[in-house]
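Have a look at the structure below before the remarks.
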Amino acid sequence: MSTHAWLLLGAFLAVLLLAAKPLGLYIAYLMEGRLRIGRPLENVVYRLAGVRPDEEMGWLRYALAILLFNALGVLSVYALQRLQLALPFNPQQMLAVTPDSAFNTAVSFVTNTNWQGYGGESTLGYLVQMLGLTVQNFLSAATGIVVVIALIRGLARHSAATVGNAWVDLTRATLYLLLPLSFLIAIVLAGQGVIQNLDPYREVTTLEVTRYEAPRLDAAGQPLTDDKGAVLTEPAQTAVQTLAMGPVASQEAIKMLGTNGGGFFNANSAHPYENPTPLSNFVQMLAIFLIPAALCVSFGRMVGDGRQGWAVLAAMTLMFVVAAAAVMSFEQQGNPRLAALGVDQLGGPLQSGGNLEGKEARFGSADSALFAAVTTAASCGAVNAMHDSFTPLGGLVPLVNMQLGEVIFGGVGTGLYGMLVFAILAVFISGLMIGRTPEYLGKKIEAHEMKMSAIAILVTPLLVLLGTAIAVMSEAGRAGIANPGAHGFSEILYALTSAANNNGSAFAGLSANTPFYNVLLALAMWFGRFGVIVPVLAMAGALAAKKRLPAGAGTLPTHGPLFVTLLIGTVLLVGLLNYVPALALGPIVEHLVLWLGA
Amino acid sequence: MKSLLRPALSVFVLLSAITGLAYPLAVTGIAGAVFPEQAAGSLIFKDGKPVGSRLIGQPFSDPGHFWGRPSATAPQPYNAAASSGSNQGPLNPALEDAVKGRIAALRAADPGNGAPIPADLVTASGSGLDPHISPAAALWQLGRVARARGLPEAQVRALVDANTEGRQWGFLGEARVNVLALNLALDALKR
């Protein structure tokens with residue numbers, strides 16, 4: 001790993017950890033309802049909605065409110081896509097999206113996955129991007145935040161019947177956390193060159209005339225194929241370049257801050273209009289980790305023991321540093337097949353070097369690899385380089401990051417509640433080892449909590465492995481594969497892993513915009529999201545009702561290095577037991593073939 | 001359940017209006033006022049007509065121009081209305097064939113240049129619209145461009161340097177050369 005790569009990683013972590021504390025304290029202050037200044041605007045929302053802000057909900061009612069709110073989101077995004085031709089802000093006259101793709105995209109953005117089966121600039125008008133996708137970028141992020149806040153209240157309260165008011169929590173998280181920060185980030189990004197307009201696509205005259213092979217179209221505008229199914233082409237030339245436009249900066253900011261990851265354009269954050277400079281890239285990476293890191297601090301504050309939050313943050317940071325260093329070194333090694341052709345992949349002051357297929361020159365191998373580690377450790381899924389073209393092990397780390405359950409920072413809210421579930425599992429395992437009833441933060445962990453933890457931990461591996469098995473065994477599933485050999489299997493495994501863990505990045509060669517994948521992945525996304533949220537809220541309710549026990553001589557402290565080690569061990573144990581066989585069939589085989597030859 | 005319906009609908013509609021209309025339109029207004037050029041796409045004008053964007057690359061194959069990154073967009077390269085990478089895996093034979101073809105084209109345009117070719121000149125970018133190449137990739141092409149234009153290498157080298165940016169803030173990203181800006185500067189020299 002180069003000095004530049006270490007410097008970049010160090011600077012990134014330093015800025016992140018410095019920002020986490022003040023923001024975390026602010027979030028605790030906000031969600032405890034102490035932000036007086038926000039009351040007047042909030043009260044307008046509550047009055048119009050008929051909400052009594054001081055009326056709290058039990059866990060079940062809280063969960064129903066969240067489910068209903070998110071179901072409305074699916075309907076809204078689906079309808080906007082289907083009707084976009086009849087709606088304003090569609091200067092390119094984009095046609096109605098097909099039903100299966102619209103369904104997939106609606107579920108995808110509501111579940112904070114932001115998997116994209118479509119190409120943004122060739123499919124969606126500006127109204128869908130703003131009123132459909134940008135809205136869900138906010139609301140799905142707010143959903144994640146309020147669920148973890150409810151869980152924290154469950155741990156902080158004792159002998160209580162309620163975990164909060166879902167409407168109040170959603171409103172506060174959206175208006176006073178996500179909105180102001182997004183606004184700030186959007187303006188910074190616009191200053192770096194991210195576009196923000198509602199103009200029609202812009203045509204420019206290029207310096208040279210481009211000659212290329214264009215597909216031959218029939219009268220209906222569909223490409224003609226020969227009897228083997230290959231597309232027929234004819235020579236064509238053009239001196240015009242059409243530049244896609246749109247309100248990008250506003251969406252880009254919340255795409256990162258809310259760990260959403262759905263790009264305005266097909267190439268996502270590799271597109272120069274989404275991510276024009278190394279600085280915009282740095283800001284985007286920070287925005288991804290900002291709230292997940294800050295929430296650890298909020299957790300410590302709300303349970304009245306800051307060390308508890310720092311312990312969780314330490315476990316996340318340690319795992320992240322290993323993952324980031326691994327991707328950066330693998331990508332900087334380059335591709336031996338290209339080295340054999342005499343290509344110069346050696347890094348230095350005049351070039352980044354390394355494996356550059358699918359990467360942008362302004363980011364090079366180091367900044368692209370760090371971004372990949374960040375976006376998959378958090379359940380963001382934005383990409384600034386094409387993960388499909390990464391080296392086998394450089395692509396394995398993002399896969400593993402997701403498969404560990406998106407708890408290394410993870411999504412906003414989801415990362416912390418995922419990690420707290422693992423913390424409960426860790427005290428349970430250690431309780432078994434020392435023969436005592438496990439407790440976490442003074443709450444006795446009993447059969448009900450363990451059942452809910454087990455569901456929350458096992459639902460995603462089940463979806464990933466079952467979904468991958470279905471896809472590789474069916475004709476429609478195999479038809480989507482782009483790359484031959486073991487890599488083709490990795491493409492499918494990556495797609496299901498990404499969907500069920502609500503990440504949204506892809507080995508994008510896979511042709512996933514088909515009815516088969518649109519439906520399969522939408523199901524994986526929905527159950528991967530709410531199959532975890534519901535048991536987590538059930539656990540929040542049960543914990544809130546318990547008494548708090550004073551710490552005794554036999555209590556395992558949950559803030560020291562011992563517990564951090566135990567927590568990391570638990571996450572790795574569960575993740576590796578679930579996925580090693582699948583990983584061996586994909587990236588590991590590919591690595592051996594690439595370096596040892598076959 | 002029924003008592004949840006009204007708050008669900010109202011909170012959803014109100015927050016949608018704020019985050020999906022008020023917020024993007026406010027950002028559009030402010031970005032347009034504070035950063036008008038960037039918000040409109042960093043366009044480059046020549047004689048009043050737009051000839052491209054500083055941020056979006058264009059395809060070049062004339063020996064007298066610097067060439068940019070290979071582009072995997074369809075159907076034509078550098079299609080800025082359909083960004084895309086190749087998504088070819090490291091072992092994909094199609095990647096090896098494509099790289100061989102690019103090496104052959106670069107060597108054919110400059111038969112006397114035996115130096116190893118920098119990786120960014122033969123690998124497709126992530127967006128297919130990469131506006132930059134590495135300084136190494138520009139220097140590799142220096143001799144060819146200077147000969148095709150009948151210019152002294154030192155003069156072309158000065159233009160390359162003028163269009164090279166270092167790492168941002170000294171530690172972010174990579175040093176890079178803006179290919180379109182460099183070629184526009186070359187064309188301006190001729191007149």
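Keep in mind that glycine also has a Cβ here, set from the backbone N, Cα and C atoms.
For the transmembrane segment (A:6-29), the residues of the chain that approach it from at least six positions outside its boundaries are 35, 145, 177, 282, 285-286, 289-291, 293-298, 300-302, 309, 313, 317, 321, 324-325, 328, 366-367, 370, 374, judged by C-beta separation under 8 angstroms. Marked as transmembrane segment by TrEMBL: A:6-29 (among others).
If you look up TrEMBL, you'll see A:62-80 (among others) marked as transmembrane segment.
If you look up TrEMBL, you'll see A:126-152 (among others) marked as transmembrane segment. Long-range contacts of the transmembrane segment (A:126-152) within its own chain (CB-CB distance under 8 A, at least 6 residues past either end) are made by residues 27, 31, 59, 62, 66, 69-70, 73, 76-77, 80-81, 84, 87-91, 94, 106, 109-112, 114, 120, 163-164, 166, 169-170, 173-174, 177-179, 182, 198, 246-247, 250-251, 254-255, 257-260, 262, 264, 291, 295, 298-299, 302-303, 411-414, 416-417, 420, 533, 536-537, 539-540, 543.
Taken from TrEMBL, the feature transmembrane segment applies to A:173-195 (among others).
Residues annotated as transmembrane segment in TrEMBL: A:282-303 (among others). Long-range contacts of the transmembrane segment (A:282-303) within the same chain, counting only residues at least 6 positions beyond its ends with a Cβ under 8 Å from a Cβ of the stretch, are 12, 15-17, 19-21, 23-28, 31-32, 141, 145, 148-149, 152-153, 155-156, 177, 181, 185, 188-189, 192, 252-253, 256-259, 269, 275, 309-310, 312-313, 316, 370-371, 374-375, 378, 380, 382, 384, 409-413, 415-416, 420, 441.
Beyond the transmembrane segment (A:310-330), the same-chain residues lying 6 or more positions past its ends with a Cβ under 8 Å from any Cβ of the stretch are 1, 5, 9, 13, 17, 20, 292-293, 296-297, 299-300, 365-366, 369-370, 372-374, 377, 390-391, 393-394, 397-398, 400-401, 404, 407-410, 415-416, 419-420, 423, 558-560, 563-564, 567-568, 571. Annotation source TrEMBL lists transmembrane segment at A:310-330 (among others).
Residues 112, 141, 143-149, 151, 155, 257-259, 288-289, 291-293, 295-296, 299, 312, 315-316, 319-320, 323, 377-380, 401, 440, 445, 449-450, 453, 456-457, 502, 532, 536, 539, 554, 556, 558, 563, 566-567, 569-571, 574 of the same chain, all 6+ positions outside the transmembrane segment (A:407-434), place their C-beta atoms under 8 angstroms from a C-beta of that stretch. Look at TrEMBL and you will find A:407-434 (among others) tagged as transmembrane segment.
Per TrEMBL, transmembrane segment is recorded for A:455-474 (among others). Outside the transmembrane segment (A:455-474), and at least 6 residues removed from its termini, the chain residues within Cβ reach (under 8 Å) are 403, 405, 418, 421-422, 425, 489, 492-493, 495-497, 499-501, 516-517, 520-521, 523-524, 527-528, 531-532, 535-536, 539, 574, 578-579, 582.
As annotated by TrEMBL, transmembrane segment applies to A:519-545 (among others).
According to TrEMBL, the feature transmembrane segment maps to A:566-589 (among others). Here the transmembrane segment (A:566-589) has long-range neighbours at 311-312, 315, 318-319, 392-393, 395-396, 399-400, 403-405, 407, 419, 422-423, 425-426, 429-430, 457, 461, 464-465, 468, 486-487, 489-490, 493, meaning same-chain residues at least 6 beyond its ends whose C-beta is under 8 angstroms from one of its own.
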